[in-house]
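Undergrad: Submitted below is the structure of interest, expressed as structure tokens.
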Amino acid sequence: MASPCTTYHPSPGSPEDDSMMLFSTSTSCSPAKKSTRTHSNSSSFNSSSPPPPPQPSPNNKTYELRIRNLSYTISPNGSIFSSLMKKSTKPKTSILKSVSFVAGCSEILAIVGPSGTGKSTLLRVISGRVSDKEFDPKSIYLNDHAITSPAQLRNICGYVAQEDNLLPLLTVKETLMFSAKFRLRGMSPKEREERVESLMQELGLDHVADNFVGDEENRGISGGERKRVSIGVDMIHDPPILLLDEPTSGLDSSSALQVIELLSSMAKTKQRTIILSIHQPSYRILQYISNLLILSHGSVVHYGSLESLEENISRMGYEIPIQLNPLEFAMEIISVLENQEPHSKYQSCSYLRWKEAIIQDGANRQVIDQAKAAAVSNARCSSLFEIAVLCSRFWKIIYRTKQLFLARTMQALVGGFGLGSVYIKMRNDEGAVAERLGLFAFSLSFLLSSTVEALPIYLQERRVIMKEASRGAYKISSYMIANTIVFLPFLFAVAILFAVPVYWIVGLNPSITAFVFFTFVVWVIVLMASSLVLFLSAVSPDFISGNSLICTVLGAFFLFSGYFIPKECIPKYWLFMYFVSLYRYPLDALLTNEYWSLRNKCFSWNDENHSECLLTGNDVLKNRGLDKDTRWMNIGIMLAFFVFYRVICWIILARKVSKTTI
């Protein structure tokens, strides 16, 4: 009887890099197809093998991912291009060089190699995290059917990045529930709830379901549990192929082992295909890995089981030290492995032979189409649903961000009562005119600069948004609308807390209409400032740069508002700043609101008998160039700024999402 696994050795001179393709006679995942591990007596790596996988259900679809001669280069500007594309005059660096392997169901394939060998790039490519023009349709096959676009891979693959991009102020269950709402839109709420409960149990997270995810600043779950939450977020739609970029990075040995044990269990019980990159795993982790793909300088130096690697090392005349496992020793002699004969690099007992792929346009094409149709079905959901879910999440985050909530409330109250105590019961004389102008100018500066504390929250959310939106969870436009809806009432409350004490303690225009308009102007000011901060957070790489940029922009706007330098004295090449200044229009609106109904009131007399008026409310407005009541026009311009900055932010984020590979 023939052995269940054989090794094909290409004849000398055979063009394996151009024509070879991993091939299996069956697309099902049966035990006969699995590798049979044997340890030689001289083995330095001894461990018990994991239990055999259960029999697959006949109703479960299984997937076999085949990579054939995948080559990629990177241009100096950082974009990844296929080496098969047209040659450019610019020098390019080769990242992947004719990489070939097969990843079967119910097993874990580990991509190993020194830093900078292309492990993360390989995972991004085979997960579809590249653009259409960067994708080579002749190098990736699923069940013998060629993948023609990265969208097909994104529909069927789950991808877990190295960094845990999670919102720290959501609980574990809430994080998975929001992911389920976005990714499982065709399900009923009860079905989504059951899916989340089942997944938490599968991931071993049911005991921390109500704990916050946390981060460096907010205490939450452990690092291993956080990694499992990240895996759960990308497994909520139950993808048959799961790709993970260094899932054990930053974890202690116990947590790393738990994560790998979990992945091994999921691979066997659900017949999933799992591919992960890892740095020199321990001997306990290695027993859960079916095959190893060792890369060096973008090329494959070994593909096969751990036993075949040990045999290969022994055949080359090396003896593995007792204190090292074969993979650790392979990393030490990686340059020697890189220069070995090509046929020694591909020794896998998982597949029967190598040959050209046979493309089956029947059942295999149906597998791709069904996966794509399921993804499209899940994606068909009204924007109103996305906005409602995002509003719910936003509100939870704002409510739980005690620093922001408390800071905004205290700023408004302290600022309002503080300014009121300084300008308490202001007189109605000529000196009070200048004092009122100073009060309005300082209030504007205070309100516009008080929104800076929201910058860290926006920056923290941005990476999560990039990941979720790039994977089709929701549209950036839905995020922007939800952000606006949630912040409108929140900032309105801030405006009232500031406006009420300032207005009545200082003793501004006693008209109720003037007070309502003053409060409305304050609200629009903080809305406009919030949009500016949101826009600058989209273009800033970090908090320090963003904070510096905000201070610089606000300082320039204040300088050219017309308060320090009259419009006539501003140099012509800086005159445009006067018209785009966020200070000018609210300052004019506040002055008009204060004096328009008091145009005939006299604020300065020539003598004690009040026989001649020297300064009226109308004179105050004329000195500022406000001959007409432009309050609502200024409000319209301020609202236009509010919308403009959010639209620009939407464009920037949408462009970044289209290019992201998270």
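Just so you know, glycine gets a Cβ as well, placed from its N, Cα and C.
Just so it is clear, the model here is predicted, and its values are computed rather than measured.
Feature list, courtesy of TrEMBL:
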type	residues	note
REGION	1-62	region 'Disordered'
DOMAIN	65-322	domain 'ABC transporter'
TRANSMEM	405-424	transmembrane segment
TRANSMEM	436-459	transmembrane segment
TRANSMEM	480-506	transmembrane segment
TRANSMEM	512-536	transmembrane segment
TRANSMEM	543-565	transmembrane segment
TRANSMEM	632-653	transmembrane segment
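Tell me about the setting of these features in this model.
TA: Sequence-distant contacts of the transmembrane segment (405-424), counting only residues of its own chain at least 6 positions beyond either end whose CB sits under 8 Å from a CB of the stretch, comprise 398-399, 435, 439, 442-443, 446, 450, 453, 490, 494-495, 497-502, 504-507.
Within the chain, the transmembrane segment (436-459) has long-range Cβ neighbours (under 8 A, six or more residues past its boundaries) at 397, 401, 403-404, 407-408, 411-412, 415, 419, 423, 426, 498, 502, 506, 508, 522, 525-526, 528-530, 532-534, 536-538, 540, 542-543, 546-547, 550-551, 554, 557-558, 561, 563, 582-583, 586-587, 590-591, 594.
Note on the transmembrane segment (512-536): residues 443-444, 447-452, 454-455, 458, 483, 487-488, 491-492, 494-496, 498-500, 503-504, 546, 549-550, 553, 582, 586, 589-590, 593-594, 597, 631, 635, 638-639, 641-646, 648-649, 652 of its chain, located 6 or more positions outside it, place their CB under 8 angstroms from a CB of the stretch.
Within the chain carrying the transmembrane segment (632-653), a Cβ under 8 angstroms from the stretch's Cβ atoms is held by residues 462, 465-466, 469, 476-477, 479-480, 484, 520-521, 524-525, 527-528, 531-532, 534-535, 537-539, 582, 585-586, 588-589, 592, all 6 or more beyond its ends.
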Undergrad: So if I exclude everything within five residues of the ends of the transmembrane segment (543-565), which remaining residues of that chain have a CB under 8 angstroms from its CBs? That is, six or more out.
TA: 437, 441, 444-445, 448-449, 452, 455-456, 459, 532-533, 536-537, 574, 577-578, 580-584, 587, 624
Undergrad: Grab the pLDDT values for the domain 'ABC transporter' (65-322) and give me their mean, rounded.
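TA: Mean model confidence (pLDDT) across the domain 'ABC transporter' (65-322) is 86.
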